[in-house]
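Working notes, structure below.
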Amino acid sequence: MKPSSPARVVVLALILLALGLGPAAAHAHEVQVAPEAVDGFTGWVGEGIRHILAGADHLLFLLAVLLVGGTFRRILLLVTSFTLAHSLTLALTALGWWTLSERGTRWAEAAIAASILYMALENLFLRRHGHRAGLTFLFGLVHGLGFASVLGGYGSGASAAAALAGFNLGVELGQAVVVAFLVPVLRIVQRRPLLHSKVVRLSSICLAGVGLYWMVARAVG
C-alpha cells in the first residue's frame with residue numbers, strides 16, 4: 001500500500017459517513033423519547049449510550065477537536081471541557097430551568113453543525129490551538145441543548161432527576177468508548193508527522209463539508 005493509504009482510509013470513512021448518515025443526522029435530535037417507553041434508571045442509561053453513538057454530529061465534533069492531537073493531558077482537558085459544558089446545559093434544559101422555542105431549538109441544532117465546521121476550518125488554517133479548551137467548552141454548551149431535546153417536556157421532580165442522571169451517564173459512557181478507540185489511533189498517526197498532516201488536512205476538509213451541509217439543512221428546516 002502507498003504511504004498515504006491510511007489518510008485515504010480516514011477520508012473515505014468520513015465521506016461514507018456523510019453520504020450514509022447525512023440526511024438523518026441533519027435532523028438527528030427532533031425525536032423525543034417518551035418517558036413511559038423507558039424502563040427506569042438503567043433504561044435511561046441505555047438511551048444515553050444509544051443517543052451518543054447514533055449522534056454523528058457530536059462524534060464528528062469530538063473528532064474535529066481531537067484531530068490535531070497533543071499530549072494525553074491536553075486531550076483529557078479537551079474531553080473534560082466538552083463533558084462539563086454539555087452536562088450543564090443538558091441539566092438546565094432537561095429540568096425546565098432553561099427553555100427553548102421550536103425556532104430556538106432549530107437554531108441550536110444548526111449551531112451544533114456550525115461547531116463542526118468551525119473546528120474543521122481551524123484545523124486547516126491555524127497552526128496554534130492554545131484556546132481550544134475554551135472553545136470546546138463554549139461549543140459543548142450548545143451540544144448540551146441537542147442532548148436535552150431527547151428529554152424535552154419530561155418535567156421536574158425526582159423521576160426527572162433520575163432520568164437526567166441516567167441519560168447523562170449513558171452519554172458519558174458512550175463518549176468514553178468512542179474516545180478510548182479514537183485517541184490511540186490518533187496518537188499512532190501523530191507519530192508520523194507527514195501522515196498526520198495529511199490526515200488532519202483531508203479529514204478536516206470532509207468535516208467542514210459535512211458541517212456546512214448539516215448547518216444549512218437545519219437552519220432552513
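One is the number of the first residue shown, and numbering goes on along the chain from there.
Glycine too: its Cβ is placed from the backbone N, Cα and C atoms.
Heads up, TrEMBL stuff is auto-annotated, nobody curated it.
Feature annotations, courtesy of TrEMBL:
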- 1-28: signal peptide (SIGNAL)
- 52-68: transmembrane segment (TRANSMEM)
- 75-98: transmembrane segment (TRANSMEM)
- 104-121: transmembrane segment (TRANSMEM)
- 133-154: transmembrane segment (TRANSMEM)
- 160-186: transmembrane segment (TRANSMEM)
- 198-216: transmembrane segment (TRANSMEM)
With an 8 Å cut-off on Cβ pairs and a sequence gap of 6 or more, do the transmembrane segment (104-121) and the transmembrane segment (52-68) reach 3 or more such pairs?
yes
Ranking 52-68, 133-154, 160-186 by Cβ pairs under 8 Å to the transmembrane segment (198-216), which is first?
52-68
What residues elsewhere in the chain lie close to the transmembrane segment (160-186), defined as a C-beta under 8 angstroms and at least 6 residues from its ends?
35, 38, 40-53, 58-59, 62-63, 66-67, 69, 72, 75, 79, 83, 86-87, 90-91, 94-95, 147, 150-151, 154
